[in-house]
Amino acid sequence: MSPTHLRSSFQTTFFAIATPNLKLRATGYIIQTRLQSTTSNTDLSSAPASSQALLSSFLVTPTALSNALRKNVYTKLSTSPRVIPLCAAWFMPNDPKSRTGHAAYLAGHVPRARFFDLDAVSDKNSPYPHMLPSPEVFAQALGKLGIRRDDSVVVYDSAELGIFSAPRVAWTLRVFGHPEIHILNNFKTWVDQGLPVEKGEPEEKVSEESYPVPTIDSSMVESFDELKQRLSEQEGKKEGAEAFTVIDARSPGRFDGSDAEPRPGISSGHMPSAINIPFTDVLSARTKAFLSPEELRVYFECKNVDPKKPIVSSCGTGVTACVIDAALTEAGYPQEGRKVYDGSWTEWAMREEEVKDLIVKGDK
(Lines of atoms letter the chains of each structure in order from A and count residues from 1; the text may use other names and numbers.)
(Lines give C-alpha, C1' and ligand atoms only; values in the text may rest on other atoms or scores of the structure.)
Protein backbone atom coordinates (compact mmCIF):
# COMPACT_ATOMS: atom_id res chain seq x y z
CA MET A 1 0.00 0.00 0.00
CA SER A 2 1.76 3.13 -1.15
CA PRO A 3 1.67 5.79 1.55
CA THR A 4 1.28 8.55 -1.03
CA HIS A 5 -1.65 10.43 0.39
CA LEU A 6 -3.26 11.78 -2.76
CA ARG A 7 -7.00 11.42 -3.00
CA SER A 8 -8.00 9.38 -6.03
CA SER A 9 -9.72 11.06 -8.95
CA PHE A 10 -12.83 9.05 -8.10
CA GLN A 11 -13.02 10.54 -4.64
CA THR A 12 -12.48 14.09 -5.88
CA THR A 13 -15.19 13.71 -8.51
CA PHE A 14 -17.47 11.89 -6.09
CA PHE A 15 -17.42 14.63 -3.46
CA ALA A 16 -17.77 17.36 -6.05
CA ILE A 17 -20.88 15.78 -7.57
CA ALA A 18 -22.50 13.50 -5.01
CA THR A 19 -22.16 15.70 -1.94
CA PRO A 20 -22.85 19.32 -2.93
CA ASN A 21 -24.56 20.01 0.39
CA LEU A 22 -21.76 18.65 2.55
CA LYS A 23 -19.31 21.14 3.90
CA LEU A 24 -16.00 19.41 3.24
CA ARG A 25 -13.62 20.45 5.94
CA ALA A 26 -10.06 20.21 4.77
CA THR A 27 -8.92 20.03 8.35
CA GLY A 28 -10.63 16.66 8.69
CA TYR A 29 -13.34 15.58 11.03
CA ILE A 30 -13.17 16.99 14.57
CA ILE A 31 -14.61 14.50 17.00
CA GLN A 32 -16.71 16.00 19.77
CA THR A 33 -15.75 14.85 23.24
CA ARG A 34 -17.17 15.35 26.68
CA LEU A 35 -14.01 17.03 27.87
CA GLN A 36 -14.59 20.17 29.88
CA SER A 37 -12.42 23.07 28.86
CA THR A 38 -9.34 23.65 30.94
CA THR A 39 -7.77 26.94 31.94
CA SER A 40 -4.21 28.05 32.34
CA ASN A 41 -4.67 27.67 36.09
CA THR A 42 -5.12 23.87 35.94
CA ASP A 43 -3.59 22.34 39.08
CA LEU A 44 -1.21 19.67 37.85
CA SER A 45 -0.54 18.47 41.38
CA SER A 46 -4.09 17.25 41.89
CA ALA A 47 -5.06 13.59 41.59
CA PRO A 48 -5.26 12.40 37.97
CA ALA A 49 -8.68 12.41 36.38
CA SER A 50 -10.10 9.10 35.20
CA SER A 51 -8.79 8.31 31.73
CA GLN A 52 -12.18 6.93 30.68
CA ALA A 53 -13.85 10.23 31.61
CA LEU A 54 -11.32 12.23 29.59
CA LEU A 55 -11.62 10.44 26.25
CA SER A 56 -15.02 9.35 25.03
CA SER A 57 -14.58 8.98 21.24
CA PHE A 58 -12.80 6.33 19.20
CA LEU A 59 -11.11 9.10 17.21
CA VAL A 60 -9.75 11.93 19.34
CA THR A 61 -8.57 15.37 18.29
CA PRO A 62 -5.17 16.78 19.22
CA THR A 63 -6.89 19.26 21.53
CA ALA A 64 -8.78 16.48 23.30
CA LEU A 65 -5.61 14.43 23.81
CA SER A 66 -3.64 17.48 24.95
CA ASN A 67 -6.31 18.31 27.53
CA ALA A 68 -6.48 14.69 28.66
CA LEU A 69 -2.72 14.51 29.18
CA ARG A 70 -2.75 17.78 31.09
CA LYS A 71 -5.46 16.50 33.43
CA ASN A 72 -4.15 12.94 33.70
CA VAL A 73 -0.79 13.57 35.35
CA TYR A 74 0.70 10.50 36.97
CA THR A 75 3.90 9.10 38.46
CA LYS A 76 5.42 5.61 38.60
CA LEU A 77 3.53 5.05 41.84
CA SER A 78 0.13 6.02 40.40
CA THR A 79 -2.44 3.23 40.43
CA SER A 80 -5.29 5.05 38.67
CA PRO A 81 -5.97 4.40 34.96
CA ARG A 82 -3.75 6.53 32.76
CA VAL A 83 -3.81 8.04 29.27
CA ILE A 84 -0.93 6.48 27.30
CA PRO A 85 -0.01 7.89 23.86
CA LEU A 86 1.38 5.11 21.67
CA CYS A 87 3.38 5.93 18.55
CA ALA A 88 2.72 3.24 15.93
CA ALA A 89 4.66 4.85 13.09
CA TRP A 90 5.62 2.40 10.35
CA PHE A 91 6.86 2.75 6.78
CA MET A 92 6.81 0.40 3.82
CA PRO A 93 9.93 -1.77 3.38
CA ASN A 94 10.56 -0.11 0.00
CA ASP A 95 10.21 3.43 1.40
CA PRO A 96 12.13 5.69 -1.03
CA LYS A 97 13.55 7.72 1.86
CA SER A 98 14.46 4.63 3.91
CA ARG A 99 12.43 5.98 6.82
CA THR A 100 11.65 3.85 9.84
CA GLY A 101 8.95 4.12 12.47
CA HIS A 102 11.39 4.32 15.37
CA ALA A 103 13.37 7.08 13.67
CA ALA A 104 10.12 9.02 13.21
CA TYR A 105 9.38 8.54 16.91
CA LEU A 106 12.82 9.85 17.91
CA ALA A 107 12.44 12.84 15.58
CA GLY A 108 9.33 13.97 17.44
CA HIS A 109 6.51 12.43 19.45
CA VAL A 110 3.61 13.27 21.73
CA PRO A 111 4.85 13.84 25.30
CA ARG A 112 4.90 10.62 27.36
CA ALA A 113 4.44 8.50 24.21
CA ARG A 114 5.89 4.99 23.95
CA PHE A 115 6.83 3.34 20.64
CA PHE A 116 5.07 0.21 19.37
CA ASP A 117 7.12 -1.75 16.82
CA LEU A 118 4.62 -3.28 14.40
CA ASP A 119 7.15 -5.68 12.90
CA ALA A 120 8.63 -6.79 16.22
CA VAL A 121 5.28 -7.50 17.89
CA SER A 122 4.17 -10.11 15.37
CA ASP A 123 4.21 -13.81 14.56
CA LYS A 124 7.87 -14.46 13.79
CA ASN A 125 7.09 -18.00 12.62
CA SER A 126 4.84 -16.80 9.81
CA PRO A 127 6.20 -16.30 6.27
CA TYR A 128 3.93 -13.25 5.96
CA PRO A 129 4.76 -9.78 7.33
CA HIS A 130 3.60 -8.58 10.78
CA MET A 131 0.88 -11.17 11.28
CA LEU A 132 -0.89 -11.04 14.64
CA PRO A 133 1.34 -12.17 17.52
CA SER A 134 0.40 -14.83 20.02
CA PRO A 135 -1.46 -13.63 23.13
CA GLU A 136 1.71 -14.29 25.14
CA VAL A 137 3.89 -12.14 22.85
CA PHE A 138 1.27 -9.39 22.87
CA ALA A 139 1.05 -9.36 26.67
CA GLN A 140 4.82 -9.32 27.02
CA ALA A 141 5.13 -6.41 24.57
CA LEU A 142 2.55 -4.27 26.34
CA GLY A 143 4.10 -5.11 29.70
CA LYS A 144 7.52 -3.93 28.48
CA LEU A 145 5.90 -0.71 27.29
CA GLY A 146 4.59 -0.16 30.80
CA ILE A 147 0.96 -0.42 29.71
CA ARG A 148 -1.68 -1.70 32.10
CA ARG A 149 -4.97 -3.25 31.05
CA ASP A 150 -6.99 -0.37 32.54
CA ASP A 151 -5.00 2.34 30.71
CA SER A 152 -6.57 4.37 27.91
CA VAL A 153 -4.26 3.92 24.93
CA VAL A 154 -4.23 6.56 22.18
CA VAL A 155 -2.48 5.25 19.07
CA TYR A 156 -1.08 7.58 16.44
CA ASP A 157 1.02 7.70 13.27
CA SER A 158 3.95 9.73 12.02
CA ALA A 159 3.29 13.34 11.03
CA GLU A 160 4.45 12.56 7.49
CA LEU A 161 1.82 9.89 6.85
CA GLY A 162 -1.03 11.22 9.01
CA ILE A 163 -3.09 8.03 9.17
CA PHE A 164 -1.47 4.81 8.01
CA SER A 165 -0.38 2.14 10.51
CA ALA A 166 -1.99 3.40 13.75
CA PRO A 167 -5.37 1.80 12.92
CA ARG A 168 -3.59 -1.57 12.55
CA VAL A 169 -2.13 -1.29 16.06
CA ALA A 170 -5.46 -0.06 17.44
CA TRP A 171 -7.17 -3.04 15.78
CA THR A 172 -4.57 -5.38 17.29
CA LEU A 173 -5.32 -3.99 20.74
CA ARG A 174 -9.03 -4.51 20.13
CA VAL A 175 -8.49 -8.07 18.89
CA PHE A 176 -6.76 -8.84 22.18
CA GLY A 177 -9.52 -7.21 24.20
CA HIS A 178 -7.84 -4.07 25.54
CA PRO A 179 -10.83 -2.09 26.88
CA GLU A 180 -9.94 1.56 26.15
CA ILE A 181 -8.48 2.26 22.70
CA HIS A 182 -8.46 5.48 20.70
CA ILE A 183 -6.81 6.82 17.54
CA LEU A 184 -5.38 10.35 17.39
CA ASN A 185 -6.80 12.13 14.36
CA ASN A 186 -3.91 12.96 13.83
CA PHE A 187 -0.28 13.73 14.77
CA LYS A 188 0.20 15.92 11.68
CA THR A 189 -2.55 18.19 13.01
CA TRP A 190 -1.00 18.01 16.49
CA VAL A 191 2.26 19.35 15.06
CA ASP A 192 0.51 21.93 12.85
CA GLN A 193 -1.34 23.27 15.91
CA GLY A 194 1.94 23.84 17.72
CA LEU A 195 1.24 21.39 20.53
CA PRO A 196 4.22 20.10 22.56
CA VAL A 197 6.55 17.60 20.89
CA GLU A 198 9.33 15.67 22.60
CA LYS A 199 12.39 14.31 20.79
CA GLY A 200 14.66 11.35 21.41
CA GLU A 201 14.17 8.59 23.94
CA PRO A 202 12.22 9.49 27.09
CA GLU A 203 14.43 10.80 29.89
CA GLU A 204 12.64 8.63 32.42
CA LYS A 205 12.68 4.92 31.69
CA VAL A 206 9.27 3.26 31.52
CA SER A 207 8.52 0.89 34.39
CA GLU A 208 7.50 -2.52 33.10
CA GLU A 209 4.08 -3.85 34.05
CA SER A 210 2.58 -7.32 34.26
CA TYR A 211 0.00 -7.33 31.47
CA PRO A 212 -2.39 -10.33 31.67
CA VAL A 213 -2.29 -12.79 28.78
CA PRO A 214 -5.49 -12.10 26.81
CA THR A 215 -7.76 -14.21 24.63
CA ILE A 216 -7.87 -13.38 20.93
CA ASP A 217 -11.25 -12.31 19.53
CA SER A 218 -11.37 -14.50 16.43
CA SER A 219 -14.65 -12.89 15.33
CA MET A 220 -12.59 -9.89 14.16
CA VAL A 221 -9.99 -11.86 12.20
CA GLU A 222 -10.43 -13.52 8.80
CA SER A 223 -8.07 -16.37 7.96
CA PHE A 224 -6.95 -17.60 4.54
CA ASP A 225 -8.99 -20.79 4.78
CA GLU A 226 -12.13 -18.97 5.88
CA LEU A 227 -11.93 -16.44 3.08
CA LYS A 228 -11.12 -19.08 0.47
CA GLN A 229 -14.17 -21.10 1.45
CA ARG A 230 -16.50 -18.10 1.60
CA LEU A 231 -15.37 -16.77 -1.79
CA SER A 232 -15.57 -20.22 -3.39
CA GLU A 233 -19.13 -20.67 -2.17
CA GLN A 234 -20.18 -17.13 -3.13
CA GLU A 235 -18.62 -17.23 -6.60
CA GLY A 236 -19.90 -20.76 -7.18
CA LYS A 237 -23.36 -19.59 -6.14
CA LYS A 238 -23.59 -22.47 -3.72
CA GLU A 239 -27.05 -22.82 -2.24
CA GLY A 240 -27.14 -21.16 1.16
CA ALA A 241 -23.83 -19.36 0.61
CA GLU A 242 -23.53 -16.22 2.69
CA ALA A 243 -23.35 -12.98 0.71
CA PHE A 244 -20.54 -10.77 1.98
CA THR A 245 -18.31 -7.91 0.84
CA VAL A 246 -14.54 -7.80 0.41
CA ILE A 247 -13.01 -4.32 0.49
CA ASP A 248 -9.47 -3.96 -0.88
CA ALA A 249 -7.59 -0.88 0.38
CA ARG A 250 -4.72 -1.02 -2.13
CA SER A 251 -4.17 1.44 -4.96
CA PRO A 252 -6.21 0.99 -8.17
CA GLY A 253 -3.14 -0.15 -10.14
CA ARG A 254 -2.25 -2.90 -7.70
CA PHE A 255 -5.92 -3.88 -7.50
CA ASP A 256 -6.43 -4.27 -11.25
CA GLY A 257 -3.00 -5.80 -11.83
CA SER A 258 -1.54 -2.98 -13.91
CA ASP A 259 1.00 -2.01 -11.21
CA ALA A 260 3.48 -4.28 -9.47
CA GLU A 261 3.28 -5.12 -5.79
CA PRO A 262 5.99 -3.50 -3.62
CA ARG A 263 7.23 -6.89 -2.43
CA PRO A 264 9.27 -8.89 -4.97
CA GLY A 265 7.69 -12.06 -6.30
CA ILE A 266 4.14 -11.04 -5.40
CA SER A 267 1.73 -10.73 -8.35
CA SER A 268 -0.93 -8.04 -8.30
CA GLY A 269 -4.66 -8.40 -8.93
CA HIS A 270 -7.63 -8.89 -6.63
CA MET A 271 -10.19 -11.31 -5.27
CA PRO A 272 -13.44 -11.83 -7.21
CA SER A 273 -16.21 -9.30 -6.51
CA ALA A 274 -13.91 -7.23 -4.28
CA ILE A 275 -14.58 -3.50 -4.02
CA ASN A 276 -11.54 -1.28 -4.42
CA ILE A 277 -11.46 1.52 -1.84
CA PRO A 278 -7.93 2.95 -1.65
CA PHE A 279 -7.37 3.86 1.99
CA THR A 280 -6.48 7.43 1.00
CA ASP A 281 -10.09 7.90 -0.15
CA VAL A 282 -11.31 7.92 3.47
CA LEU A 283 -8.79 10.60 4.48
CA SER A 284 -8.60 14.34 3.94
CA ALA A 285 -6.11 15.12 1.17
CA ARG A 286 -4.75 18.13 3.07
CA THR A 287 -4.67 17.02 6.70
CA LYS A 288 -4.41 13.25 6.10
CA ALA A 289 -6.99 12.81 8.87
CA PHE A 290 -10.22 10.79 8.63
CA LEU A 291 -13.18 12.33 6.86
CA SER A 292 -16.30 13.05 8.92
CA PRO A 293 -18.78 10.25 9.70
CA GLU A 294 -21.31 11.82 7.32
CA GLU A 295 -18.79 12.02 4.48
CA LEU A 296 -17.72 8.45 5.12
CA ARG A 297 -21.30 7.17 5.16
CA VAL A 298 -22.10 8.81 1.83
CA TYR A 299 -18.85 7.58 0.31
CA PHE A 300 -19.32 3.96 1.41
CA GLU A 301 -22.91 4.06 0.19
CA CYS A 302 -21.72 5.30 -3.21
CA LYS A 303 -19.27 2.38 -3.32
CA ASN A 304 -22.16 -0.04 -2.61
CA VAL A 305 -20.87 -1.18 0.77
CA ASP A 306 -23.98 -2.69 2.34
CA PRO A 307 -24.04 -2.32 6.16
CA LYS A 308 -26.33 -5.37 6.36
CA LYS A 309 -23.71 -7.69 4.84
CA PRO A 310 -20.60 -9.06 6.55
CA ILE A 311 -17.47 -7.16 5.49
CA VAL A 312 -13.88 -8.37 5.14
CA SER A 313 -11.24 -5.65 4.77
CA SER A 314 -8.01 -6.52 3.00
CA CYS A 315 -4.95 -4.71 1.63
CA GLY A 316 -1.32 -5.69 1.04
CA THR A 317 -0.32 -7.00 4.47
CA GLY A 318 -3.23 -6.15 6.77
CA VAL A 319 -2.14 -2.61 7.66
CA THR A 320 -4.28 -0.19 5.64
CA ALA A 321 -7.18 -2.66 5.71
CA CYS A 322 -7.47 -1.44 9.29
CA VAL A 323 -7.75 2.17 8.05
CA ILE A 324 -10.86 1.06 6.17
CA ASP A 325 -12.12 -0.86 9.20
CA ALA A 326 -11.70 2.22 11.41
CA ALA A 327 -13.50 4.35 8.81
CA LEU A 328 -16.38 1.85 8.81
CA THR A 329 -16.58 2.26 12.58
CA GLU A 330 -16.76 6.05 12.22
CA ALA A 331 -19.40 5.70 9.50
CA GLY A 332 -21.59 3.74 11.91
CA TYR A 333 -21.25 0.30 10.32
CA PRO A 334 -21.89 -2.49 12.86
CA GLN A 335 -18.89 -4.35 14.25
CA GLU A 336 -20.74 -7.65 14.09
CA GLY A 337 -19.77 -9.52 10.93
CA ARG A 338 -16.82 -7.21 10.21
CA LYS A 339 -13.36 -8.72 9.91
CA VAL A 340 -9.85 -7.88 8.73
CA TYR A 341 -8.00 -10.45 6.61
CA ASP A 342 -4.74 -10.63 8.54
CA GLY A 343 -2.57 -12.03 5.73
CA SER A 344 -4.26 -9.89 3.07
CA TRP A 345 -3.04 -9.86 -0.54
CA THR A 346 0.52 -10.91 0.28
CA GLU A 347 -0.64 -14.22 1.73
CA TRP A 348 -3.29 -14.65 -0.97
CA ALA A 349 -0.77 -14.16 -3.81
CA MET A 350 1.94 -16.24 -2.13
CA ARG A 351 -0.56 -19.12 -1.96
CA GLU A 352 -1.63 -18.56 -5.56
CA GLU A 353 -1.70 -22.26 -6.45
CA GLU A 354 -4.42 -22.79 -3.85
CA VAL A 355 -6.59 -19.92 -5.08
CA LYS A 356 -5.71 -19.55 -8.77
CA ASP A 357 -9.40 -19.51 -9.65
CA LEU A 358 -9.94 -16.74 -7.10
CA ILE A 359 -7.48 -14.19 -8.49
CA VAL A 360 -8.71 -11.58 -10.95
CA LYS A 361 -6.85 -9.15 -13.21
CA GLY A 362 -8.48 -6.07 -14.68
CA ASP A 363 -11.79 -4.48 -13.69
CA LYS A 364 -13.83 -7.67 -13.22
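Yeah, the Cβs are placed from backbone N, Cα and C, and that goes for glycine too.
TrEMBL labels come from automatic prediction, so no person has curated them.
The compositional bias 'Basic and acidic residues' annotation in TrEMBL covers 252-262.
What TrEMBL records for 102-199 (among others) is domain 'Rhodanese'.
The domain 'Rhodanese' annotation in TrEMBL covers 240-357 (among others).
Remark: secondary structure over the region 'Disordered' (252-272) totals 5 helix, 1 strand, 15 coil, with classes taken from DSSP. What TrEMBL lists as region 'Disordered' is 252-272.
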Intrachain residues whose Cβ lies under 8 Å of the region 'Disordered' (252-272), provided they are six or more past its termini: 1-2, 8, 92-94, 129, 227, 231, 235, 246, 278, 314, 316, 345-346, 348-350, 352, 358-364
